[in-house]
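Colleague: Below: one structure in structure tokens.
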């Protein structure tokens, strides 16, 4: 078993100012996205659409607003609506954590639609350009989660080479034991807990870095190297992210205040299913539209 390093959440101390790793990872993610965008400017079919470096800078401004506002509102509405309706001022306490990818995705989509309207472009043309830039930010965000030792995975067999002990999960581990006696006996978890006061868990943040970050990045970047029907790159992002998130959720610990929902699926999985379906529908539409235009 591997023990999580339990990093200091503060990366840099600048006098009274503390720069946290999670915030720093957001910055790294946005910078990486800009770099990817500028690399894509060199592709002939991208250059033919008239994209410029200034467009990327402007899109990132909209993207930051969409990510922060959408991510926070998504967390409030999708995950803890009852609490925040009772404590509305706590919505603004972003330093206490609480961001939702699916909310951030909706926020960024709306922001890109606004950008497209201002630049008189079709919004799918904008999202097709942006989509390959997103996975780098997702990977950076999940790395921030791992450094913070949060959003850990479900309890697993201690003999698994990837099993990890998270100090931040001690309280959850103690509460988990009496609820799962069959697994405690099967995996000899009582002995593990007596020795470490922790239980082995999946490092699901690393799984997300691999699938939502690295694999999705290469899939999108390579797919978008050639000219595709408008909407196809956006569709691949929806399908790819939805499938990656849906898969990883089987190893990720559900939110304790929600648990598992209908059919034994988590909130993250239920929010990912519409993304997958929308992606498939958009992909079919994109290629049928190109075929119809070619036949006309």
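Glycine is treated like the rest: Cβ placed from N, Cα and C.
The following feature annotations were taken from Swiss-Prot:
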| type | residues | note |
| --- | --- | --- |
| TRANSMEM | 17-37 | transmembrane segment |
| TRANSMEM | 59-79 | transmembrane segment |
| TRANSMEM | 97-117 | transmembrane segment |
| TRANSMEM | 230-250 | transmembrane segment |
| TRANSMEM | 257-277 | transmembrane segment |
Colleague: If we call contact 3 or more Cβ pairs under 8 Å (sequence gap 6 or more), are the transmembrane segment (257-277) and the transmembrane segment (59-79) touching?
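Modeller: Output yes: the transmembrane segment (257-277) sits against the transmembrane segment (59-79).
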Colleague: Under 8 angstroms, Cβ to Cβ: which one of 17-37, 97-117, 230-250 has the largest number of such pairs with the transmembrane segment (59-79)?
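Modeller: The stretch I would name here is 97-117.
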